[in-house]
Amino acid sequence: MVSNIEQEAWSAKSGIRVGDVIKELNGGPPADNNWLVWSGNIQTAQNIVVERDSKLLFFDFSDLSKQPLSFNLTIVPIMLFTLFYLFSTFIAYKKPDDKPAIYLILFFMAVALGFLAAGTGVRGDIFSYLFMKICILGVPVIFLQFLVEYFRTRNIQVLPFKTGYLLYILIATWLVFEWISRSEASIGFLIGSNFGVVILFSIEMLCVWFVLVRMFIKYRHTPHGSLLKYMIFGNVGAFAPFILLYIIPLALLGKQLVEAGVAASFFLVLPLIYMYLVASRQLLDIEFIIGRLRYYCLIAIIPTLLLVPLVGTLMQREPFHSIQWLQSFLVVYIGVILFLYLKELLDQKVRNRLIKGAHRYEQSLEGFSAKVANVMKVHELEQNLAEEALAVLPISSVSFLERDTKSNIITLKKSYGPISLQTIMPQIRYGTKHLNVGEYLRTVGGCCYVVGKSHSMQHLMWISDKDNRMDFNHDERIWLRTLITYVGFVYDNLQLIEGLVQDLDTRGNEKAPPWVLRLLFRLSEQERRKLASDLHDSALQDQLLWYRRLESLTNDNQELSEGTKAELMDIQEGLLDVIHQIRETCNELRPPFLKEMGVIGAVGDLCARAQLHANYTINFVHSEFQNMLDDEYVLTIYRITQELLRNSMKHSKATKVDVELFHDGEQIRYRYGDNGIGMEQERLQSSFQHMGLSGIRERVWGLEGDVEFQTALGEGLEVSIWLPLSQHGTVVNQAI
């Protein structure tokens, strides 16, 4: 008796029904057909005679040209095979002689050939049936081998030693069990159990997924993390529908939720994912895609539960079975998810065209951030914020207040429009204590937002209600919160800068903080280097060009008189002097090879060059510096020496200069002394402005050192400097 029949089978389309009694099969008794005896299925027959309602019906299947085309058994397998074959060809072209690529091709072809062989196997071809089983069971094993070979080239071990052989042992054990469980080793073994094959395939795929997830957890923070995400997404997306919608329902309920061809169509995810991985240089954010899919799957449950009974009521002609209810739920559920994706796509494409001002708030944020980039004071920021709020929102008043967190006193700083301060002050005083930046308090006639916080002050912005007496909508609230949160960051930075400037102003003539001095001198050195580069690349090159032209004119023009030539030669000498002065100026602005020479070489070279232009002798004494100071220390000592030698040349009238440089591992001791005319100690302070001594003192303070000036009329000048080493770690091994 016919107990079940495939909907797309030739027999079903020819008229055979469930309940028909088979009387003859290929002209003989059904009991003589070995395939029917061992499998319980009729997959190939020339003709069949059935009994229905005491009538014998004859069905002829001998003419194969009349066999209808099956979507699940013919069209889908051929489409899958074609796509997998094309992609395998693409990989073979892109990655020739690559072992992981070979395993990936085998993996794809095993999937395609296995499903293609299933179409002919169910029609009774024993070889195709056996080949289909081998391919299905080999798919997870081949993919696992691909993972092992792919990550082996990156020195990553996918599985512990020889653990991968467990799947081979599992398949071999199943084959032996199938052989033993059949009383006859011929057709019975070849037919086997479809249920056992799909269950074993599911177990293998779970093992592969476990390996992928385990690797992702281990390497998610490495460059391989995104690749593993795509591999997990591709394999689960391809095989999970086949397992969840076909294999598990068939095992538990005896009937699949979807046809095998529909479930197998998800295999197309594999070539699409791996084609994208091979061809794309920049991967999409798979975490965003999975997160959005997870969100849509969650919110689609409620509308699906509401729609499924309605669909069942509208389409119900006969009582629904549990399988039909599950199928209806699945169709509606997938439809709702696709609708949510389509809705998001339409929002991105046409929302701005259909809804007036849909992106007005985004444009406002972009324009406001551009304006705030040039704001340097808090009151300017508040003014821009008030103007933006009044321009975008239908409100009439914006006010800025301050609340002292210690005394709880509220002060009105600035108001752009009317405000009833006495009415809202009690609410603000006690309602904003625990609010963070961006949060708001509902008050009488408006809202009070927190826009900034400091140690003892809370900065607030109060905005009135909308003029049309409506509440702020969702978009307006999101815009306000985003705008004020951004303003809060700018507010903190501006207050920090203003506080720093005020602190520097109140110090007056006090010693500036060392970090400020170091910053100023670094900026000064950058300007010096820029000026030296400009002089060298423009003025010096122009001078050289004109000198060459003048030299050529003087030497090549025979018509010039001797007096003219002599005058031109004098001009040449003057140009050479100017060129030399420009080069000297460039060297002073940007000392060459300062880092390479070290502090001893740099100061020694400076003393040697200064002695060429001065009327005094320089005695440079130093300890054996086995270590090299960092650039900041070397440059500071070089600039101090440069300034002192320049002053001695211009003002001191000295004949002898002593420069000493020593260090004991904890501090540097620098001493300068000359035998010049000196000055009175009372006049030393006034000399700081025009002799460069102030710059020397500030350079020393910038490195948290000490400086001492000693001078007397007729006794020269002595400068003693102590620079600490331990605080900045500036002594670095010269071998580094």
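Including glycine, each Cβ sits where the backbone N, Cα and C put it.
Per TrEMBL, the features are:
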type: TRANSMEM; residues: 69-93; note: transmembrane segment
type: TRANSMEM; residues: 100-120; note: transmembrane segment
type: TRANSMEM; residues: 126-151; note: transmembrane segment
type: TRANSMEM; residues: 163-181; note: transmembrane segment
type: TRANSMEM; residues: 187-212; note: transmembrane segment
type: TRANSMEM; residues: 232-254; note: transmembrane segment
type: TRANSMEM; residues: 260-281; note: transmembrane segment
type: TRANSMEM; residues: 293-311; note: transmembrane segment
type: TRANSMEM; residues: 323-342; note: transmembrane segment
type: DOMAIN; residues: 637-727; note: domain 'Histidine kinase'
Residues in the domain 'Histidine kinase' (637-727) grouped by DSSP into helix, strand and remaining coil: 33 helix, 30 strand, 28 coil
Overall pLDDT of the domain 'Histidine kinase' (637-727), taken as the mean: 83
Residues from the same chain, set at least six apart from the ends of the transmembrane segment (126-151), whose C-beta lies under 8 A from its own: 99-100, 103-104, 106-107, 110-111, 113-115, 117-118, 120, 157-159, 164, 167-168, 171, 174, 187, 190-192, 197-198, 200-201, 204-205, 207-208, 211-212, 215, 224, 231, 235
